[in-house]
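*Asks:* So TrEMBL says this about it:
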- A:30-49: transmembrane segment (TRANSMEM)
- A:82-103: transmembrane segment (TRANSMEM)
- A:123-154: transmembrane segment (TRANSMEM)
- A:166-185: transmembrane segment (TRANSMEM)
- A:212-230: transmembrane segment (TRANSMEM)
- A:255-283: transmembrane segment (TRANSMEM)
- A:289-310: transmembrane segment (TRANSMEM)
- A:322-343: transmembrane segment (TRANSMEM)
Amino acid sequence: MTRTEQALPAGAPGVLSAARAQTATRVRTVTLVLVGLTVALSLATLVWGGHASDLWNQILAVFGAGNGEGAFTITKLRLPRVALSLGVGVAFGVSGALFQSVLRNPLASPDIIGISGGASLAAAFGLLVLGVSGIALSVFAFAGAVVVAAAIYLLAWRDGVSGYRFVLIGVGIAFAVNAGIGYLLTRAEVNDVRSALVWMVGSIGTPPWPDVGVLSVALLVLAPLVAVTVKRLRILQLGDELAGGLGVSAERARLAVLAVAVALAAVATAFAGPVAFVAFVSAPIARRLLPTAGLALVPSALVGTVVVLAAEFTAQYLLGSLEVPVGIITGVIGAPYLLWLLATSNRGGRGA
Amino acid sequence: MTTTHPEPTARPDPHGPAESSPSVSTAPTVPKLPKLEDPRTTPTLTGTVHRTRSTRVLGLAGAVGLLVLTVAVSLALGNRDIPLDVVFAALTDRVDGNTLHNIIWDQRLPRTLVGLLVGAALGVAGTLMQGITRNPLADPGLLGVNAGASLFVVLAITVLGITSPSGYIWFAFAGAAAAAALVYAIGAIGREGATPVKLALAGTALTYGITSIVTLILISSTEATNAFRFWQVGSLASRGAGTWGLSWLLLVLLGVGLGLALLSGRSLNLLAMGDDLARGLGANLTLARGIAAVSIVLLAGTATSLAGPIVFVGLVVPHIIRPLIGGDYRWILGYSLFVGPVLLLAADVVGRLVARPGELEAGLVVAAVGAPVMIAIVRRVKLAGL
């Protein structure tokens, strides 16, 4: 926007405010469309497969006023699925946006730099060696993600943390973590191995209500922290020196943002597994939809929910009898997107 | 990105006085890749060359000696330790029915042979890759090679019903080659060519996408899961049984790959000076890169098909060699041929000893040792964009 302002003659405020109004309208439209998509996908997930004549009863059931078998399916089986999808989508979307902004690298996200891998290793250990499940498994995954993130941060520290160093050390750790997972997989019962594989690719399925409750509480706790750190992140984006001049310690601000981002990713991973690429693709998609560059946290969160809901919808209803974890859908779509992004950004000469 | 590869003239001559590189002081802030000394500045100082040359020959002899020692240890140690004189007797004068002789011939010798071939292939492929990409983090395993091989192996298991490791070989080879070509093609798009981050991320992206597909196939088949999980951790042992029936074609491909690699030393030296200077000195860059790429595909493909996915050997080998003998790629390639097998066989022996009576696969041992090394490299070297 600053360039536009400079280019304009002094006596053209009308043009400027018109341009601003246009931008604001675009942002509002995009946000509304994303909200609309989220609501539509949620409702579709809830009532899919029912009779059209029963639709009203089903919609009542969503709000707890329905009756009969359909109502049971909706409130006990599908509503928690939708709720968890929403929470996981928001958490991954915001987490990815924070990571990518603070490391100034569109390709830094928890699933690529080994943080999800840490969760997988810990979960595989819990599942295959200790035989835990449910909330205990979630605790393992959460701890694994946090420990690996802390390790990457400490190892990448050399008079501060640079984005590329963080990413490359993360990639190295991801490979080591994979070896650990390989070890566990070869030493376990083959049937347990399959459930570990399903967990590690990311799945939502039919979660119990307590899971949804814990995730919601965690997100409510993290929301104000996100709001606080985002202020410092905005100052950070002016550059380290300017931020220092404004009284914000760049390294401490970065650490705070990374900590919140890791917490979000770890919470989401704890309940749904590392759903591939959601954290990675949400923010870039959101930024491409919007006319201005920037953090775009709310649109990123919304894109995250849309991606997870759409993938879960595809996995549950569109692939017939095949039971597919949601992470496979996102991975199969996300990988070509990442390669395409690499290819196109390279061609412009600004490749990572 | 102009600071990625400092002009050779801006780099202090490692062997000589400063006047042989007069422009040293003009660009003092240019980040230097400490490992890529320009080997072509040495001929001005014949005495240095002589000393370096004899040191290098001596070092090479040392590497060969180390390899012989490692092979002996690999034949002798394991679940059941066999004295070296028995090993020697078994090799020279095999007695039918002698249990120890049978262990040597049926188990230790095949896996040692696989370790030799795979280690040499991975070490040389890693050196080549780091040379043509001027990228100290390049490694065949980091570039999606293993993912490609995995996908083809899983398809071989599920679609064609092949469950013996020797049956996977060609599928692993084809998958590895296809993935390496794809990742390199995507990473090389753009003006600055294949940078560390682009290649690592393209490799990671492909790995993740393929992992999704592989998982999808695996969760629908217990049998495939069972066969695949053992292939997935790189190992010399389970593949050993098929070694005596090893395809000659595979050996030929490996040999061609090694031959092309050893011929590439000179062009890698030119490439290390930067594209412009290399072109100015008359190098055909496209041809040089093409030959090296074919060699990498052959080497990484045969290695993965013989031992399964093994990461980090190719990454680490050149980093061990360069501080010892400097940046002349002709020598580094020669050394890789011996240092690679030493590392892999040592990892295999360690894996046999730490978990007796069971054993840890060589691929796991290598990853456990390789990750810290990769981290140390990232912390130490000023990479492009770091």
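The backbone N, Cα and C atoms fix where each Cβ goes, glycine too.
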*Asks:* With Cβ distances under 8 Å as the criterion, find the stretch in A:82-103, A:166-185, A:289-310 that has the most pairs with the transmembrane segment (A:255-283).
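*Replies:* So the stretch in question is A:82-103.
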*Asks:* Hey, which bits of the same chain come close to the transmembrane segment (A:212-230), Cβ under 8 Å, at least six residues off its ends?
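*Replies:* Contacts of the transmembrane segment (A:212-230) (Cβ under 8 Å, skipping residues fewer than 6 from its ends): 80, 83-84, 87-88, 90-91, 94, 98, 135, 138, 253, 256-257, 260, 263-264, 267-268, 271, 295, 297.
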*Asks:* What else in the chain is close to the transmembrane segment (A:289-310), if you only count residues 6 or more beyond its ends and a Cβ gap under 8 Å?
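*Replies:* Residues 1, 22-23, 26-27, 30-31, 34-35, 37-38, 41-42, 45, 82, 85-86, 88-94, 96-98, 101, 204, 226, 230, 233-234, 275, 278-279, 281-283, 326, 330 contact the transmembrane segment (A:289-310) from elsewhere in the chain.
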